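Some notes on the structure that comes next.
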């Protein structure tokens, strides 16, 4: 009997901590996570930062491998690889299944009249077709017509000898000068691998070696090769250009997911999957929709533009000059939340209500105008918080700059060294990382369907937001904050952040 009572009491005591314990203090698989960083860090991502020369070598190896198998020129090999995301295996398999269809799909040869003879679509037949084109995808008219016989160019209407004409697999023949002018015009417009035949309604692709044979000006040749290289990299799913200004680094990873890559040269961070600013936990498609909506809704800028609000107690105008949303009126010393203007003393228990949008349960029965107003109200709720955290990141950077100046003065006066004060900059860096994640939770919540999963997300979002504001408050008052207290707050905030990402970051989306 007594043992049963004791077990019940233990169970009840455990229940008091269910909310926090279940989400943040399970300690499950701790040993595994220490050994496997992928389990411990939801943002863990293996990648390499490579130079242009490194990537050229990598791509050339793929080209040479395909050349050996199919016995074609590097020019045609690049076309086939470009169309199949640089997957040699896929190209060879399709070549063996239906080589003719492969060449048509890659725009190396034009669609022909349907054939019933299966031999005509075999690899041998396709190879013979390529051999007739010199294995390159183009030929001079002189190869089929005596060089001394003249013909008329359908573009410039000039009559020239046959060796001055070039044609693709489609058979459309044009003089050398017209091809050259056409190529340079296309290159000037930024087109390279997608240059097609000059003939109307013909989409046969011009191979690289024909372009480089006829375009002799070094400037145009360099431009063509630069544009072609960009096309090759963009078509390769495991490669991504660093979006940093004037940066030449290319990131390579076999894990094609929406993880953060940081360039080793310019230190730009971005999403590897889409190349945009890193946006976890929101996936690539949703963030594109959100940013498009933000750009289109111009009235939002006017709504959000004000940097001032009135104190809810004494009504004096207050300007927000820091990143923390825990505000204290300089006049009456009233503590309140910048976002909802609620009393900060009770705000800790009500943070869930502050960050959470309350839908109108009867909205489906309302008029179109009421529904439109409700939709705008919902959007502004999320946008205001999204924009506020963006501004807070900038304001907190200003706080760090002021902090650096104060610490420099202390160091100059003999009050410790820079190493002694490094913990403050570590705290500021963690705060920026946490707030950045929090900012991108709002587009995620905006498009999330109502239900238990959204309720859980908003709960974790509110917990993260509360701990971020606590950390920001302590950093802004760093000189009076206990080191142990600050480090404890850093640990709590990071745990909230990683827990949310583990539960909701759609890395495979």
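Heads up, residue numbers simply count up from 1 along the chain you see.
From the backbone N, Cα and C atoms, a Cβ is placed for every residue, glycine too.
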Practice prompt. Would you please say which range out of 311-340, 341-370, 371-400 has the annotation zinc finger in Swiss-Prot?
Written response: 311-340
Item to complete: Could you tell me which of the ranges 103-152, 153-202, 403-452 is annotated in Swiss-Prot as zinc finger?
Response: 153-202
Worksheet item: How many neighbouring Cβ atoms, not counting its own, are there within 10 Å of the Cβ of residue 197 (Zn(2+) 2 binding site)?
Response: 22
Discussion item. Taking 8 Å from the centroid of the Cβ atoms of 242, 247, 263, 266 as the cut-off, which other residues in that chain fall inside it around the Zn(2+) 3 site?
Written reply: 49, 243, 244, 248, 249, 264, 265, 267, 268
Worksheet item: Taking a Cβ cut-off under 8 Å, which residues six or more beyond the ends of the zinc finger (311-340) line up next to it in the same chain?
Response: 347, 354-355, 384-385, 388, 391-396, 398-399, 431, 435, 469-470, 472-473, 476
Practice prompt. Could you round the CA separation between residue 266 (Zn(2+) 3 binding site) and residue 284 (Zn(2+) 4 binding site) to a whole angstrom and send it over?
Written response: 23
Worksheet item: Can you tell which of the binding-site residues 172, 197, 242, 247 lies nearest to residue 284 (Zn(2+) 4 binding site) in space, using Cα positions?
Response: 242
Fill in: Spatial neighbours of residue 172 (Zn(2+) 2 binding site) among the binding-site residues 242, 247, 271, 274, 279 [C-alpha, 10 Å]
none
